[in-house]
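Peer 1: Sharing a structure here in structure tokens format.
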Amino acid sequence: MFQEAPAYSISAPIISRFGRRAPVASGFLISGIALLSLPFIPPGISWLVMLLALVGKLCISASYQMAYVYVTELMPTVVRQQGVGYLGLGARIGSFISPFIIEALVTYVSWGPSVVFGVGSLLAGIITFTLHETKNLPLPDTIENLEEIMNSKKKL
């Protein structure tokens with residue numbers, strides 16, 4: 001919990017200045033790149049392994065914190081609580097299965113967990129870039145209102 005304090009502290013200023021989509025997606029992408037680069041670090045450079053692991057942890061924690069703001073702004077009022085609930089559900093499922101993934105993969109290849117979690121983080125970043133920006137936009141009240149917002153963005 002204490003190691004996540006810097007990530008949580010920088011989240012609000014970042015999204016207020018740069019919007020929601022780019023910081024969330026960038027955090028996922030940087031975390032994925034850091035995790036995917038871990039298997040390529042030679043064994044004697046433990047400080048670099050620690051640095052990349054901490055950068056990955058910082059970015060994924062910040063993205064997770066910022067995702068709660070982003071999801072509440074993406075969802076229309078009529079389904080907003082469900083959207084936040086599904087975000088929390090996905091996070092809890094990931095927290096539940098990650099130790100099993102680590103235990104299963106480490107027995108075969110030591111770099112397996114880094115690749116699985118790095119690819120997952122990269123995919124999350126790529127998918128997040130397909131969503132629309134919500135900074136300084138009114139919150140959609142209905143699903144039809146959200147469709148209008150999406151259609152107006154496509155015309156631009």
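Cβ coordinates come from backbone N, Cα and C, glycine included.
Predicted, not measured: the structure shown is a model, and the values here were computed from it.
So TrEMBL says this about it:
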DOMAIN    1-136  domain 'Major facilitator superfamily (MFS) profile'
TRANSMEM  21-41  transmembrane segment
TRANSMEM  47-71  transmembrane segment
TRANSMEM  83-102  transmembrane segment
TRANSMEM  108-131  transmembrane segment
Peer 1: Under the DSSP assignment, what numbers of helix, strand and coil residues are found in the domain 'Major facilitator superfamily (MFS) profile' (1-136)?
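Peer 2: Helix (H, G, I), strand (E, B), coil: 114 helix, 0 strand, 22 coil.
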Peer 1: Grab the same-chain neighbours of the transmembrane segment (47-71) for me: Cβ-Cβ under 8 Å, and only residues 6 or more beyond its ends, written as numbers and ranges.
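Peer 2: Residues packing against the transmembrane segment (47-71) from afar: 3-4, 6-8, 10-11, 14-15, 20-21, 23-24, 26-28, 30-32, 34-35, 37-38, 41, 83-84, 87, 91, 118, 121, 124, 131, 134.
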